[in-house]
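Feature annotations, reproduced from TrEMBL:
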type	residues	note
ACT_SITE	HIS62	active site, proton acceptor
BINDING	ASP63, VAL66, GLY68, ASP70, SER72, GLU84	Ca(2+) 1 binding site
BINDING	HIS189	heme b binding site
DISULFID	CYS31-CYS111	disulfide bond
DISULFID	CYS64-CYS69	disulfide bond
DISULFID	CYS117-CYS314	disulfide bond
DISULFID	CYS196-CYS228	disulfide bond
SIGNAL	1-19	signal peptide
Amino acid sequence: MSLLLHLILYLLLLTVVIGDILRPRFYSETCPDAESIVRREMKKAMIKEARSVASVMRFQFHDCFVNGCDASLLLDDTPNMIGEKLSLSNIDSLRSYEVVDDIKEALEKACPATVSCADIIIMASRDAVALTGGPDWEVKLGRKDSLTASQQDSDDVMPSPRANATYLIDLFKRFDLSVKDMVALSGSHSIGQGRCFSIMFRLYNQSGSGKPDPALEPDYKNKLNKLCPLGGDENVTGDLDATPLVFDNQYFKDLVSGRGFLNSDQTLYTTQETREYVKLFSEDQDEFFKAFEEGMVKMGDLQSGRDGEIRFNCRVANRRPIDVLLES
């Protein structure tokens, strides 16, 4: 085996082991206005449609848990690739991709081929929280964009609305995220809405019983029955908590009172291992904000170590994986 091939293999292995080196203010010299541009565009999106920023914030979770934070989520399908947008947890659920498109366009005008789509997701998610009244924190940047995406990889990882707290604990543990991290990050549902599709089983056939979830507070259940009747439009949306436009700890207060929208949310209170954190965050918003910030930073550190690039368009890879092999 040639010395050059040995060197290539070594560098590839090194990349897999350490991934990209992330750091705050990564673009301070190459694109000093990057973070202010992202926030400006997020403000525009929020003015146009308040719900959009909550939708964008969810991108971080749906992207980072599937082969790391590499913007694979944003890739459109090609004749040779079925991407993540059609996965069970994303199809007819994730939305507001156009907000990322607008951010990328603005960044390309200011600093062509410099800021990755993966970093846009991280910055925009932080800004979604800050702009709706939540904590603001310094993000680590320097990610590359993936060359490919996989619907199957997403289906294999992402939880369904029927997931319970025990399942979520095990899932987050796979990514070195603690029980506290998981409960705090579930607080992302402090803003935004969910579809009736996600709760029909809770309302009418919990665990195959033919009955509603007994954890639902009666008045809240009646409200959801009117919003999501049997045989109705399951794409109708309902608020995830009582203050869907404000990032606060109302989400946890709602769980304590049996008014959680999703099954995966309400079981955080009915499960002993997570209940203490729900109660803590319902009583102390500062503790929730601190834990949420820590969880988002830890989740943002997830990397696959695979080869990447800086996309010109967040929906389309510049190169195919085979091109990388040929270049080598």
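Cβ coordinates are placed from backbone N, Cα and C, and glycine is handled just like the others.
Cα distances from CYS228 (disulfide bond) to the recorded positions HIS62, VAL66, GLY68, SER72 are smallest for HIS62. Cβ neighbour counts within 10 Å, taken over all protein chains shown, single out CYS117 as the most crowded of the disulfide-bonded residues CYS31, CYS64, CYS117.
Apart from ASP63, VAL66, GLY68, ASP70, SER72, GLU84, the residues listed for Ca(2+) 1, the same chain places the Cβ atoms of HIS62, CYS64, PHE65, ASN67, CYS69, ALA71, LEU73, SER146, ALA149, ASP153, SER154, SER304 within 8 Å of the centroid of those Cβ atoms.
Across the structure, CYS314 (disulfide bond) and GLU84 (Ca(2+) 1 binding site) are spaced 13 Å apart at their Cα atoms. Of the candidate recorded positions, CYS31, CYS111, CYS117, HIS189, CYS196, the one lying closest to VAL66 (Ca(2+) 1 binding site) when CA atoms are compared is CYS117. When Cβ neighbours within 10 Å are tallied across all protein chains shown, the highest count among the recorded positions VAL66, CYS111 belongs to VAL66. Its Cβ taken as reference, SER72 (Ca(2+) 1 binding site) is surrounded by 28 other Cβ atoms within 10 Å in the chains shown. Cβ environment of the residue listed as 'active site, proton acceptor': LEU73, GLU84, SER89, ASN90, LEU94, SER154, MET158 lie under 8 Å away, each six or more residues apart in the same chain. Within the same chain, residues at least 6 positions away in sequence whose Cβ sits under 8 Å from that of CYS196 (disulfide bond) are LEU227, CYS228, GLY232, ASP233, GLU234, ASN235, VAL236, THR237, GLY238.
Between the CA atoms of CYS117 (disulfide bond) and ASP63 (Ca(2+) 1 binding site) there is a gap of 11 Å, rounded to the nearest whole number.
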